[in-house]
Ligand code: G6P
Ligand code: ZN
(Lines of atoms letter the chains of each structure in order from A and count residues from 1; the text may use other names and numbers.)
(Lines give C-alpha, C1' and ligand atoms only; values in the text may rest on other atoms or scores of the structure.)
(Ligands and ions follow the chains in the order given, each with its own letter.)
Protein backbone atom coordinates (compact mmCIF):
# COMPACT_ATOMS: atom_id res chain seq x y z
CA UNK A 1 0.00 0.00 0.00
CA UNK A 2 1.30 3.43 -0.97
CA UNK A 3 0.61 6.27 1.42
CA UNK A 4 1.22 9.91 0.52
CA UNK A 5 2.90 11.94 3.23
CA UNK A 6 4.75 15.18 3.89
CA UNK A 7 8.22 15.74 5.37
CA UNK A 8 8.41 16.00 9.15
CA UNK A 9 10.56 18.61 10.88
CA UNK A 10 13.77 17.76 12.70
CA UNK A 11 14.44 14.22 11.49
CA UNK A 12 18.18 14.75 11.69
CA UNK A 13 19.93 11.81 13.37
CA UNK A 14 22.29 12.82 16.20
CA UNK A 15 25.33 11.01 17.65
CA UNK A 16 23.31 7.84 17.96
CA UNK A 17 20.28 7.79 15.66
CA UNK A 18 17.11 9.87 15.80
CA UNK A 19 15.92 10.54 19.36
CA UNK A 20 12.65 12.30 20.10
CA UNK A 21 9.88 12.34 22.65
CA UNK A 22 7.85 9.13 22.35
CA UNK A 23 4.72 11.08 21.47
CA UNK A 24 6.52 12.67 18.54
CA UNK A 25 7.44 9.25 17.18
CA UNK A 26 3.83 8.14 17.71
CA UNK A 27 2.37 11.10 15.81
CA UNK A 28 0.89 10.37 12.43
CA UNK A 29 3.39 9.23 9.84
CA UNK A 30 6.46 10.28 11.87
CA UNK A 31 8.03 6.85 12.29
CA UNK A 32 6.93 5.84 8.79
CA UNK A 33 8.57 8.78 7.01
CA UNK A 34 11.84 8.21 8.85
CA UNK A 35 11.91 4.46 8.15
CA UNK A 36 11.03 5.02 4.48
CA UNK A 37 13.83 7.60 4.31
CA UNK A 38 16.26 4.99 5.67
CA UNK A 39 15.23 2.56 2.94
CA UNK A 40 15.26 5.20 0.22
CA UNK A 41 18.64 6.68 1.19
CA UNK A 42 20.34 3.29 1.35
CA UNK A 43 19.44 2.01 -2.11
CA UNK A 44 15.98 0.63 -1.30
CA UNK A 45 14.97 -2.44 0.66
CA UNK A 46 14.33 -4.72 -2.29
CA UNK A 47 15.77 -8.20 -1.81
CA UNK A 48 17.52 -7.18 1.43
CA UNK A 49 17.77 -8.78 4.85
CA UNK A 50 17.41 -6.71 8.01
CA UNK A 51 17.65 -7.22 11.74
CA UNK A 52 15.00 -5.41 13.82
CA UNK A 53 14.67 -5.09 17.58
CA UNK A 54 14.88 -2.70 20.47
CA UNK A 55 15.29 -2.18 24.18
CA UNK A 56 11.65 -2.84 25.12
CA UNK A 57 10.74 0.73 25.94
CA UNK A 58 7.21 2.08 25.41
CA UNK A 59 6.19 1.89 21.71
CA UNK A 60 8.95 -0.66 20.96
CA UNK A 61 6.65 -3.47 19.81
CA UNK A 62 4.23 -1.22 17.90
CA UNK A 63 7.10 0.42 16.07
CA UNK A 64 8.52 -3.01 15.18
CA UNK A 65 5.17 -4.04 13.67
CA UNK A 66 5.19 -0.92 11.50
CA UNK A 67 8.78 -1.53 10.38
CA UNK A 68 8.04 -5.17 9.49
CA UNK A 69 5.06 -4.17 7.36
CA UNK A 70 7.06 -1.40 5.70
CA UNK A 71 10.00 -3.73 4.96
CA UNK A 72 7.54 -6.16 3.34
CA UNK A 73 5.90 -3.46 1.23
CA UNK A 74 9.35 -2.23 0.16
CA UNK A 75 10.28 -5.69 -1.11
CA UNK A 76 12.70 -6.86 1.58
CA UNK A 77 13.53 -10.56 1.43
CA UNK A 78 13.80 -11.31 5.13
CA UNK A 79 13.66 -9.66 8.55
CA UNK A 80 15.15 -11.23 11.64
CA UNK A 81 13.38 -9.88 14.71
CA UNK A 82 13.80 -10.61 18.41
CA UNK A 83 10.87 -12.20 20.26
CA UNK A 84 8.61 -9.38 21.51
CA UNK A 85 10.84 -7.16 19.34
CA UNK A 86 13.56 -7.24 22.01
CA UNK A 87 17.24 -7.03 21.11
CA UNK A 88 20.05 -5.35 22.98
CA UNK A 89 22.15 -3.05 20.80
CA UNK A 90 25.24 -5.31 20.91
CA UNK A 91 23.07 -8.39 20.20
CA UNK A 92 21.56 -6.63 17.18
CA UNK A 93 25.07 -5.75 15.96
CA UNK A 94 26.08 -9.41 16.32
CA UNK A 95 22.98 -10.69 14.49
CA UNK A 96 23.64 -8.38 11.53
CA UNK A 97 27.16 -9.79 11.23
CA UNK A 98 26.20 -13.41 11.91
CA UNK A 99 23.44 -13.44 9.29
CA UNK A 100 25.29 -11.27 6.75
CA UNK A 101 22.29 -8.95 6.86
CA UNK A 102 22.29 -5.72 4.88
CA UNK A 103 21.60 -3.68 7.97
CA UNK A 104 19.52 -3.31 11.09
CA UNK A 105 16.99 -0.97 12.62
CA UNK A 106 17.44 -0.62 16.36
CA UNK A 107 14.66 0.89 18.46
CA UNK A 108 16.21 2.64 21.44
CA UNK A 109 17.01 5.94 23.06
CA UNK A 110 19.87 4.24 24.95
CA UNK A 111 20.04 5.43 28.57
CA UNK A 112 17.28 8.05 28.23
CA UNK A 113 14.14 7.32 30.29
CA UNK A 114 11.28 5.53 28.49
CA UNK A 115 7.50 5.84 28.53
CA UNK A 116 4.72 7.79 26.87
CA UNK A 117 6.08 11.00 28.35
CA UNK A 118 9.77 10.12 27.86
CA UNK A 119 12.03 9.26 24.92
CA UNK A 120 12.11 6.94 21.92
CA UNK A 121 14.70 6.45 19.21
CA UNK A 122 15.45 4.76 15.91
CA UNK A 123 18.96 3.96 14.72
CA UNK A 124 20.18 2.42 11.48
CA UNK A 125 23.21 0.13 11.51
CA UNK A 126 25.05 -1.01 8.39
CA UNK A 127 26.19 -4.44 7.19
CA UNK A 128 29.33 -4.39 9.39
CA UNK A 129 26.99 -4.21 12.42
CA UNK A 130 28.01 -0.67 13.34
CA UNK A 131 26.15 2.64 13.47
CA UNK A 132 25.66 4.28 10.07
CA UNK A 133 28.54 6.63 9.29
CA UNK A 134 27.94 10.36 9.07
CA UNK A 135 27.64 10.48 5.27
CA UNK A 136 24.81 7.95 5.43
CA UNK A 137 22.89 9.63 8.24
CA UNK A 138 23.18 12.86 6.27
CA UNK A 139 21.71 11.17 3.20
CA UNK A 140 18.85 9.82 5.34
CA UNK A 141 18.24 13.29 6.73
CA UNK A 142 18.25 14.80 3.24
CA UNK A 143 15.63 12.27 2.18
CA UNK A 144 13.37 13.10 5.16
CA UNK A 145 13.17 16.67 3.88
CA UNK A 146 11.61 15.77 0.54
CA UNK A 147 9.79 12.51 1.17
CA UNK A 148 6.21 12.41 -0.14
CA UNK A 149 5.26 8.72 0.01
CA UNK A 150 5.85 5.58 2.00
CA UNK A 151 4.92 1.94 1.56
CA UNK A 152 3.33 -0.31 4.14
CA UNK A 153 1.72 -3.73 3.82
CA UNK A 154 -1.95 -3.91 4.67
CA UNK A 155 -1.48 -7.01 6.79
CA UNK A 156 -2.34 -8.33 10.21
CA UNK A 157 0.24 -7.91 12.98
CA UNK A 158 3.01 -10.47 13.15
CA UNK A 159 2.82 -12.74 16.18
CA UNK A 160 6.00 -11.57 17.89
CA UNK A 161 5.52 -13.91 20.83
CA UNK A 162 5.98 -17.02 18.68
CA UNK A 163 9.52 -18.05 17.82
CA UNK A 164 9.68 -19.35 14.26
CA UNK A 165 9.05 -18.30 10.70
CA UNK A 166 6.11 -16.26 9.46
CA UNK A 167 5.58 -14.15 6.41
CA UNK A 168 4.00 -10.95 5.16
CA UNK A 169 3.41 -10.68 1.43
CA UNK A 170 6.28 -13.01 0.52
CA UNK A 171 8.77 -11.52 3.01
CA UNK A 172 10.12 -14.03 5.48
CA UNK A 173 10.05 -13.04 9.15
CA UNK A 174 12.24 -14.98 11.55
CA UNK A 175 11.18 -14.37 15.14
CA UNK A 176 14.17 -15.47 17.17
CA UNK A 177 15.23 -15.87 20.78
CA UNK A 178 16.96 -12.52 21.40
CA UNK A 179 19.52 -14.09 23.73
CA UNK A 180 20.66 -17.39 22.17
CA UNK A 181 23.12 -16.23 19.49
CA UNK A 182 24.58 -13.53 21.72
CA UNK A 183 25.06 -15.98 24.60
CA UNK A 184 26.81 -18.41 22.22
CA UNK A 185 29.18 -15.62 21.14
CA UNK A 186 30.02 -14.87 24.77
CA UNK A 187 30.71 -18.58 25.39
CA UNK A 188 33.23 -18.45 22.55
CA UNK A 189 35.06 -15.45 23.97
CA UNK A 190 35.19 -16.30 27.66
CA UNK A 191 36.15 -19.26 29.84
CA UNK A 192 32.70 -20.15 31.15
CA UNK A 193 34.10 -23.18 33.04
CA UNK A 194 36.48 -21.00 35.04
CA UNK A 195 33.77 -18.45 35.81
CA UNK A 196 31.32 -21.22 36.75
CA UNK A 197 33.91 -22.67 39.12
CA UNK A 198 34.37 -19.25 40.72
CA UNK A 199 30.63 -18.93 41.35
CA UNK A 200 30.60 -22.48 42.71
CA UNK A 201 33.31 -21.44 45.20
CA UNK A 202 30.88 -18.85 46.59
CA UNK A 203 31.68 -15.74 44.53
CA UNK A 204 28.75 -13.36 44.86
CA UNK A 205 27.60 -10.75 42.39
CA UNK A 206 24.79 -8.25 41.87
CA UNK A 207 23.86 -7.25 38.33
CA UNK A 208 21.38 -4.39 38.09
CA UNK A 209 19.61 -4.51 34.72
CA UNK A 210 17.72 -1.33 35.64
CA UNK A 211 14.42 -2.77 34.24
CA UNK A 212 15.93 -2.55 30.78
CA UNK A 213 16.94 -4.94 28.01
CA UNK A 214 19.92 -6.73 29.60
CA UNK A 215 17.70 -8.51 32.17
CA UNK A 216 16.97 -11.59 30.03
CA UNK A 217 20.54 -11.69 28.72
CA UNK A 218 22.12 -11.44 32.16
CA UNK A 219 19.73 -14.02 33.67
CA UNK A 220 20.44 -16.55 30.96
CA UNK A 221 24.20 -16.02 30.93
CA UNK A 222 24.98 -15.33 34.59
CA UNK A 223 22.37 -17.39 36.41
CA UNK A 224 21.51 -20.21 33.97
CA UNK A 225 24.81 -20.80 32.22
CA UNK A 226 27.37 -19.63 34.77
CA UNK A 227 25.56 -20.76 37.91
CA UNK A 228 25.39 -17.43 39.71
CA UNK A 229 22.86 -17.60 42.54
CA UNK A 230 19.22 -16.98 41.56
CA UNK A 231 18.49 -13.33 42.25
CA UNK A 232 21.98 -12.21 41.18
CA UNK A 233 20.30 -10.24 38.39
CA UNK A 234 17.95 -7.62 39.81
CA UNK A 235 15.46 -5.38 38.02
CA UNK A 236 15.60 -8.11 35.38
CA UNK A 237 12.21 -7.59 33.71
CA UNK A 238 12.40 -5.12 30.81
CA UNK A 239 9.58 -2.64 31.43
CA UNK A 240 8.16 -0.06 29.00
CA UNK A 241 9.06 2.76 31.38
CA UNK A 242 12.10 1.01 32.93
CA UNK A 243 10.12 0.96 36.17
CA UNK A 244 10.50 4.73 36.32
CA UNK A 245 14.28 4.32 36.52
CA UNK A 246 16.79 6.34 34.58
CA UNK A 247 18.63 3.39 33.02
CA UNK A 248 22.07 4.98 32.95
CA UNK A 249 24.72 2.97 34.80
CA UNK A 250 26.67 5.58 36.71
CA UNK A 251 27.03 6.28 40.44
CA UNK A 252 24.22 8.85 40.32
CA UNK A 253 21.54 6.76 38.60
CA UNK A 254 22.62 3.34 39.84
CA UNK A 255 22.73 4.64 43.43
CA UNK A 256 21.01 1.58 44.88
CA UNK A 257 23.82 -0.62 43.57
CA UNK A 258 26.43 1.84 44.84
CA UNK A 259 24.93 1.81 48.36
CA UNK A 260 24.94 -1.99 48.46
CA UNK A 261 28.50 -2.25 47.20
CA UNK A 262 29.66 0.12 49.92
CA UNK A 263 27.45 -1.52 52.59
CA UNK A 264 28.20 -4.33 55.06
CA UNK A 265 26.61 -7.09 52.93
CA UNK A 266 28.37 -6.12 49.69
CA UNK A 267 28.91 -8.98 47.23
CA UNK A 268 32.25 -9.43 45.39
CA UNK A 269 31.16 -7.66 42.23
CA UNK A 270 28.51 -5.12 41.31
CA UNK A 271 27.59 -4.28 37.74
CA UNK A 272 24.89 -2.41 35.87
CA UNK A 273 23.95 -1.78 32.27
CA UNK A 274 21.89 0.81 30.43
CA UNK A 275 18.57 0.84 28.53
CA UNK A 276 19.84 -0.89 25.39
CA UNK A 277 22.72 -2.83 26.95
CA UNK A 278 25.77 -1.16 25.46
CA UNK A 279 27.02 0.71 28.56
CA UNK A 280 28.25 -0.79 31.82
CA UNK A 281 29.42 0.17 35.29
CA UNK A 282 31.68 -1.93 37.53
CA UNK A 283 31.86 -1.64 41.31
CA UNK A 284 33.94 -3.82 43.60
CA UNK A 285 33.31 -4.30 47.31
CA UNK A 286 33.80 -0.79 48.64
CA UNK A 287 35.49 0.44 45.47
CA UNK A 288 34.10 2.15 42.38
CA UNK A 289 35.89 1.53 39.09
CA UNK A 290 35.97 4.67 36.96
CA UNK A 291 35.34 3.78 33.29
CA UNK A 292 38.77 4.97 32.09
CA UNK A 293 40.49 2.84 34.76
CA UNK A 294 38.22 -0.09 34.03
CA UNK A 295 39.09 0.03 30.35
CA UNK A 296 42.82 0.10 31.14
CA UNK A 297 42.43 -2.93 33.43
CA UNK A 298 40.54 -4.80 30.68
CA UNK A 299 43.27 -4.01 28.15
CA UNK A 300 46.02 -5.12 30.53
CA UNK A 301 44.29 -8.41 31.34
CA UNK A 302 42.28 -9.32 28.23
CA UNK A 303 44.79 -12.05 27.30
CA UNK A 304 43.48 -14.02 30.29
CA UNK A 305 40.24 -14.65 28.34
CA UNK A 306 40.29 -17.24 25.54
CA UNK A 307 38.95 -14.80 22.92
CA UNK A 308 41.95 -12.52 23.41
CA UNK A 309 44.63 -15.10 24.25
CA UNK A 310 46.70 -14.13 21.21
CA UNK A 311 46.97 -10.56 22.47
CA UNK A 312 45.53 -7.29 21.26
CA UNK A 313 46.27 -5.77 17.87
CA UNK A 314 45.83 -2.32 19.31
CA UNK A 315 43.52 -0.26 21.48
CA UNK A 316 41.54 2.92 20.94
CA UNK A 317 39.98 5.45 23.27
CA UNK A 318 38.08 8.68 22.79
CA UNK A 319 40.18 11.81 23.35
CA UNK A 320 38.50 12.84 26.64
CA UNK A 321 38.99 9.34 28.09
CA UNK A 322 41.97 9.23 30.46
CA UNK A 323 45.38 8.13 29.24
CA UNK A 324 45.44 5.17 31.64
CA UNK A 325 45.10 2.77 28.70
CA UNK A 326 47.95 4.51 26.85
CA UNK A 327 50.36 3.28 29.52
CA UNK A 328 49.06 -0.25 29.12
CA UNK A 329 49.43 -0.06 25.34
CA UNK A 330 53.00 1.19 25.72
CA UNK A 331 53.83 -1.71 28.05
CA UNK A 332 52.26 -4.19 25.62
CA UNK A 333 54.01 -2.59 22.66
CA UNK A 334 50.77 -2.06 20.73
CA UNK A 335 49.20 0.95 19.02
CA UNK A 336 46.90 3.30 20.92
CA UNK A 337 44.49 5.39 18.87
CA UNK A 338 42.82 8.57 20.08
CA UNK A 339 39.47 9.35 18.42
CA UNK A 340 36.72 11.93 18.87
CA UNK A 341 33.81 11.05 21.17
CA UNK A 342 31.32 8.66 19.52
CA UNK A 343 31.47 4.92 18.94
CA UNK A 344 31.22 5.35 15.17
CA UNK A 345 34.82 6.61 15.08
CA UNK A 346 36.04 3.18 16.23
CA UNK A 347 34.40 1.37 13.29
CA UNK A 348 37.24 1.78 10.79
CA UNK A 349 39.89 0.92 13.41
CA UNK A 350 38.05 -2.31 14.28
CA UNK A 351 37.29 -3.23 10.66
CA UNK A 352 40.90 -2.71 9.58
CA UNK A 353 42.40 -4.66 12.47
CA UNK A 354 44.12 -1.63 14.01
CA UNK A 355 42.28 -2.02 17.30
CA UNK A 356 40.90 -5.01 19.17
CA UNK A 357 39.56 -3.14 22.22
CA UNK A 358 37.91 0.29 22.36
CA UNK A 359 36.74 2.27 25.36
CA UNK A 360 35.29 5.57 26.48
CA UNK A 361 34.97 7.50 29.71
CA UNK A 362 31.19 7.50 29.18
CA UNK A 363 30.82 3.95 30.54
CA UNK A 364 31.40 2.21 27.21
CA UNK A 365 33.85 -0.52 26.24
CA UNK A 366 33.84 -3.16 23.56
CA UNK A 367 35.91 -5.18 21.15
CA UNK A 368 35.99 -6.39 17.57
CA UNK A 369 33.42 -9.12 18.38
CA UNK A 370 30.69 -6.62 17.37
CA UNK A 371 30.64 -3.01 16.18
CA UNK A 372 28.91 -1.46 19.20
CA UNK A 373 30.06 -1.05 22.75
CA UNK A 374 28.87 -3.98 24.83
CA UNK A 375 27.91 -3.81 28.51
CA UNK A 376 27.52 -7.48 29.31
CA UNK A 377 30.67 -8.34 27.38
CA UNK A 378 32.65 -6.00 29.64
CA UNK A 379 31.12 -7.57 32.74
CA UNK A 380 32.00 -11.07 31.49
CA UNK A 381 35.56 -10.02 30.72
CA UNK A 382 35.84 -8.74 34.30
CA UNK A 383 34.47 -12.05 35.58
CA UNK A 384 36.96 -13.98 33.46
CA UNK A 385 39.83 -11.86 34.78
CA UNK A 386 38.63 -12.23 38.38
CA UNK A 387 38.37 -16.00 37.91
CA UNK A 388 41.91 -16.23 36.51
CA UNK A 389 43.57 -13.93 38.99
CA UNK A 390 41.60 -14.99 42.08
CA UNK A 391 42.01 -11.48 43.46
CA UNK A 392 39.31 -8.97 44.40
CA UNK A 393 38.35 -6.00 42.24
CA UNK A 394 40.09 -3.77 44.77
CA UNK A 395 43.32 -5.81 44.65
CA UNK A 396 43.31 -5.81 40.86
CA UNK A 397 42.71 -2.05 40.63
CA UNK A 398 45.29 -1.18 43.27
CA UNK A 399 47.79 -3.53 41.65
CA UNK A 400 47.14 -1.83 38.33
CA UNK A 401 47.88 1.58 39.81
CA UNK A 402 51.08 0.33 41.46
CA UNK A 403 52.27 -0.97 38.11
CA UNK A 404 51.18 1.83 35.79
CA UNK A 405 50.59 4.76 38.11
CA UNK A 406 47.15 6.27 38.56
CA UNK A 407 45.37 8.67 36.23
CA UNK A 408 43.07 10.51 38.62
CA UNK A 409 40.09 11.42 36.51
CA UNK A 410 36.72 13.09 36.75
CA UNK A 411 34.08 14.60 34.48
CA UNK A 412 32.06 17.63 35.57
CA UNK A 413 28.85 18.29 33.61
CA UNK A 414 27.08 21.62 33.48
CA UNK A 415 23.71 20.71 32.01
CA UNK A 416 20.88 22.52 30.27
CA UNK A 417 22.80 25.77 29.78
CA UNK A 418 21.57 28.36 27.30
CA UNK A 419 23.35 27.37 24.07
CA UNK A 420 24.82 30.82 23.48
CA UNK A 421 26.33 30.94 26.98
CA UNK A 422 27.89 27.48 26.60
CA UNK A 423 29.22 28.26 23.16
CA UNK A 424 30.71 31.54 24.38
CA UNK A 425 32.63 29.72 27.14
CA UNK A 426 34.23 27.46 24.56
CA UNK A 427 34.79 30.21 21.99
CA UNK A 428 36.60 32.41 24.52
CA UNK A 429 38.91 29.62 25.57
CA UNK A 430 39.46 28.52 21.97
CA UNK A 431 40.65 32.01 21.08
CA UNK A 432 43.19 31.89 23.93
CA UNK A 433 44.70 28.51 23.02
CA UNK A 434 47.60 29.67 20.79
CA UNK A 435 49.10 31.90 23.49
CA UNK A 436 48.77 29.40 26.36
CA UNK A 437 51.90 27.21 25.96
CA UNK A 438 54.54 28.33 28.45
CA UNK A 439 52.08 30.26 30.61
CA UNK A 440 51.61 29.43 34.26
CA UNK A 441 47.97 28.92 35.24
CA UNK A 442 47.15 28.48 38.94
CA UNK A 443 50.60 27.02 39.54
CA UNK A 444 50.58 24.67 36.52
CA UNK A 445 52.61 25.36 33.37
CA UNK A 446 50.89 24.77 30.02
CA UNK A 447 52.83 22.42 27.75
CA UNK A 448 50.37 22.29 24.84
CA UNK A 449 46.89 23.49 23.95
CA UNK A 450 44.74 22.74 20.91
CA UNK A 451 41.28 22.11 19.49
CA UNK A 452 41.30 18.37 18.84
CA UNK A 453 41.10 17.26 15.20
CA UNK A 454 41.09 13.63 14.08
CA UNK A 455 42.32 12.26 10.79
CA UNK A 456 40.91 8.78 10.26
CA UNK A 457 43.91 6.59 9.32
CA UNK A 458 41.72 4.33 7.17
CA UNK A 459 39.55 6.61 5.04
CA UNK A 460 41.51 9.84 5.54
CA UNK A 461 38.45 11.84 6.63
CA UNK A 462 39.19 14.68 9.04
CA UNK A 463 36.89 15.66 11.92
CA UNK A 464 37.66 19.04 13.47
CA UNK A 465 36.46 20.93 16.52
CA UNK A 466 36.24 17.81 18.70
CA UNK A 467 37.17 19.38 22.03
CA UNK A 468 39.62 21.85 23.60
CA UNK A 469 42.52 20.30 25.45
CA UNK A 470 45.17 21.89 27.61
CA UNK A 471 48.03 19.71 28.75
CA UNK A 472 50.36 20.83 31.55
CA UNK A 473 54.05 20.05 31.96
CA UNK A 474 53.36 17.58 34.80
CA UNK A 475 51.09 15.60 32.47
CA UNK A 476 47.84 16.91 33.97
CA UNK A 477 45.12 17.73 31.49
CA UNK A 478 41.94 19.77 31.11
CA UNK A 479 39.48 19.01 28.30
CA UNK A 480 36.37 21.00 27.50
CA UNK A 481 33.66 20.12 24.98
CA UNK A 482 29.95 20.33 24.38
CA UNK A 483 27.91 17.15 24.66
CA UNK A 484 26.50 15.82 21.39
CA UNK A 485 23.72 13.80 22.95
CA UNK A 486 21.79 16.28 25.09
CA UNK A 487 18.16 17.12 24.36
CA UNK A 488 17.77 20.28 26.42
CA UNK A 489 19.93 23.36 25.82
CA UNK A 490 23.68 22.71 25.88
CA UNK A 491 25.82 20.67 28.24
CA UNK A 492 29.44 21.59 28.93
CA UNK A 493 31.61 18.64 29.83
CA UNK A 494 34.80 19.44 31.72
CA UNK A 495 37.22 16.53 31.95
CA UNK A 496 40.02 16.67 34.53
CA UNK A 497 43.00 14.36 34.68
CA UNK A 498 46.19 14.09 36.71
CA UNK A 499 48.74 11.31 36.61
CA UNK A 500 50.52 10.16 39.77
CA UNK A 501 53.34 7.72 39.13
CA UNK A 502 53.38 6.23 42.66
CA UNK A 503 54.27 4.45 44.83
CA UNK A 504 53.07 7.34 47.03
CA UNK A 505 49.82 9.20 46.51
CA UNK A 506 47.87 6.40 44.81
CA UNK A 507 44.91 6.36 47.18
CA UNK A 508 43.81 9.96 47.45
CA UNK A 509 40.17 10.99 47.21
CA UNK A 510 39.61 11.74 43.50
CA UNK A 511 38.22 15.28 43.73
CA UNK A 512 40.92 16.23 46.24
CA UNK A 513 43.63 14.88 43.96
CA UNK A 514 42.20 16.87 41.08
CA UNK A 515 41.67 20.14 42.96
CA UNK A 516 44.74 21.89 41.44
CA UNK A 517 43.64 20.90 37.91
CA UNK A 518 40.10 22.10 38.60
CA UNK A 519 41.49 25.41 39.79
CA UNK A 520 43.50 25.77 36.60
CA UNK A 521 40.42 24.88 34.52
CA UNK A 522 38.32 27.51 36.26
CA UNK A 523 41.09 30.11 35.82
CA UNK A 524 41.30 29.24 32.11
CA UNK A 525 37.64 28.88 31.19
CA UNK A 526 35.72 30.56 33.99
CA UNK A 527 32.80 28.18 33.58
CA UNK A 528 31.28 29.01 36.95
CA UNK A 529 31.62 32.75 36.61
CA UNK A 530 30.39 32.83 33.02
CA UNK A 531 27.40 30.53 33.53
CA UNK A 532 26.52 31.79 36.99
CA UNK A 533 26.42 28.21 38.21
CA UNK A 534 27.83 27.34 41.63
CA UNK A 535 29.09 23.99 40.38
CA UNK A 536 28.44 21.07 38.05
CA UNK A 537 25.11 19.21 37.93
CA UNK A 538 26.67 15.77 37.61
CA UNK A 539 30.13 14.53 38.57
CA UNK A 540 31.32 11.14 37.32
C1 G6P B 1 26.86 7.88 23.31
C2 G6P B 1 27.93 7.53 22.31
C3 G6P B 1 29.28 7.53 22.98
C4 G6P B 1 29.53 8.86 23.67
C5 G6P B 1 28.41 9.20 24.62
C6 G6P B 1 28.54 10.60 25.23
O7 G6P B 1 26.76 6.87 24.27
O8 G6P B 1 27.70 6.24 21.75
O9 G6P B 1 30.26 7.27 22.02
O10 G6P B 1 30.73 8.80 24.37
O11 G6P B 1 27.18 9.12 23.94
O12 G6P B 1 28.53 11.56 24.22
P13 G6P B 1 28.47 13.13 24.57
O14 G6P B 1 28.59 13.83 23.23
O15 G6P B 1 27.14 13.39 25.24
O16 G6P B 1 29.62 13.41 25.50
ZN1 ZN C 1 23.14 2.71 25.33
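Quick reminder: no glycine exception, Cβ is built from N, Cα and C everywhere.
As recorded in TrEMBL, the features of this protein are as follows:
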DOMAIN    11-149  domain 'Alpha-D-phosphohexomutase alpha/beta/alpha'
DOMAIN    181-283  domain 'Alpha-D-phosphohexomutase alpha/beta/alpha'
DOMAIN    293-404  domain 'Alpha-D-phosphohexomutase alpha/beta/alpha'
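Sorting each residue of the domain 'Alpha-D-phosphohexomutase alpha/beta/alpha' (181-283) by its DSSP state yields 40 helix, 16 strand, 47 coil.
Residue counts of the domain 'Alpha-D-phosphohexomutase alpha/beta/alpha' (293-404) by helix, strand and coil are 60 helix, 18 strand, 34 coil (DSSP-based). Counted with DSSP, the domain 'Alpha-D-phosphohexomutase alpha/beta/alpha' (11-149) comes out as 52 helix, 36 strand, 51 coil. Mean pLDDT of the predicted structure over the domain 'Alpha-D-phosphohexomutase alpha/beta/alpha' (181-283): 97.
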